[in-house]
Amino acid sequence: MADNDDASSRNSGPKPDGVQRLNELRIALLREVDEEGWTYCDPIKFHRNVCLVAGVGFFTDAYDLFAINIASTMLGYVYGHDHDSSCRPKLNLTQDLALKIATPVGTFFGQLFFGWFADIVGRKPMYGAELILMIVGTFSQATAGGGADHKYYCDADILAVHYYPISATISSEFAPTRFRGQMMTSVFAAQGWGNLAASIVAIVITVIFKGQISRDFPPGTCFSPSTLDHIDYLWRLLIGLGCVPGVIALYFRLKIPETPRFTMDVKRNVARAMADINGALHPTRGPNRNTAEQRADGPRATFEDFRNFFGKRDNFLKLFGAAYSWMAIDVAFYTLGLNSSIIFEAINFGASADVWETLYNICKGNLILSLAGLIPGYWVCFLFIETMGRKRIQLMGFAVLTVLFVVMAASFKALIPDRSPADDENVPAKTIVFVFLFCLANFFQNFGPNTTSFVLAGEIFPTRYRATAHGICAATGKLGAIFAQVIFRKLDPSSSRNKLALSFGVLSIFTMTGVFSTLLVPETKGESLEVLSNESQEGFMRAPQGEINVQDGIVIPLERLDGSS
């Protein structure tokens, strides 16, 4: 009886107007997305598929990044204009710098453009386009003809037209609040598998070509153009195989729906968002493809609105803190990641006078870094990101990296003896200690700011600027990567052990400043994206200009969230 009285009271009360009903439904839909549970064993499997498909981009990116590190030695043998102490060709400083900064330069512009464009046309349309460009760039690199070293640089720019902002926004906007950090980390952790795949592929193809390379370069043989064919095959295979996972994932990436947050907050179409949620999270109901294009008004992404939003002190400091933190870690990440082969040669780790053994040892060194530092770092971060929180992990990572780089710089002379490739091939125990510190630095990059900078930048901005702001943060990081390569080349650590020690000292300065920039970023653990956006959600949807009523098509029918009438 009481229930009937309550129902009668509700029905006899004042009816909400159309816009109020839209706001109520928007909040209900956001709550459904935020509270929807996910697990890798979930029978819906939607969130798992988002992680896998979004992760392919990071897999391919990391594969290419670390393949370039390995391929640079091979390219040096084939196209090098300089020679090492054994009179073997190598890339000169200008060639090596062009190779190492081609990808960050392309990434810088790609992240700005694709981030901005994803906030205009949507996440879904841009997601397939950038993967197609990545596949084309990789294939073009591998099939470069004459003057391949110059064409490689240009194709690296194409390859780098980039997916960071879109992968981050898609994974964050689809993720439930309780596991958003883990979902985004699992996407980003695909970098580790890409690094591992590049190392394994490099080792496999190097072993396959061992006989040919050994015959081409017996001890004491000089290099000549006629003996370089098999090494030329090596780097082409290594790079070209990187487009295979992208080709496989292209179909699935095109099938990912638009995120409901973009549909509601940018396209301002709550009805379509409800249909997409039903189709994605509740496939047994199926989306209503006949849903009308029913729109309300709301905050719009304009230059004036962007200036007003980020002109507020709190919002600007968030953007600055996230962007600078990303730059600080990318200086270290790209210095170590793109130059590990140079560092290994400088410390005589696995050094050899034999051409094939040199290539094999570089591949083996990168495999050690991947298994001992990079991959464990990603997945330890995955385990703790929802308990420790993003900000605490980032602060810890920057602090530990600062200490590690100072120790590596101060102890370099003591740990790395003067040796040449002709010396005893056994690696001294002191060198192993240094390699351990090197692996530890890689571990705390990923169980630290390399992962959390990606996650935080995808959480703390409003939907209409989420991809744009993430792109700004990521592009600022790539400025750090470019700066790191220029400084590393100016120091030329391959020519002096003292200069390599100085390089680690410079890295410690950047990671120390990252501690302070992290203090400007809020903790995002357990908070919804709407709360983190620093915007009031009350009355977010507004009536467009002119009079409206329910019959105008502005308001959608108040259907229950389970799709029933």
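For all residues, glycine too, the Cβ spot is worked out from N, Cα and C.
Because TrEMBL annotations are produced automatically, they should be read as predictions rather than curated entries.
As given in TrEMBL:
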DOMAIN    50-525  domain 'Major facilitator superfamily (MFS) profile'
TRANSMEM  187-209  transmembrane segment
TRANSMEM  233-254  transmembrane segment
TRANSMEM  316-336  transmembrane segment
TRANSMEM  367-385  transmembrane segment
TRANSMEM  397-416  transmembrane segment
TRANSMEM  428-447  transmembrane segment
TRANSMEM  500-521  transmembrane segment
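Using the rule of three or more Cβ pairs under 8 Å, pairs at least 6 apart in sequence, the transmembrane segment (428-447) is in contact with the transmembrane segment (316-336). As a quick check, the transmembrane segment (187-209) and the transmembrane segment (316-336) miss the bar of 3 or more Cβ pairs under 8 A, pairs 6 or more apart, so the two do not touch.
Confidence annotation: the domain 'Major facilitator superfamily (MFS) profile' (50-525) carries a mean pLDDT of 80 in the model.
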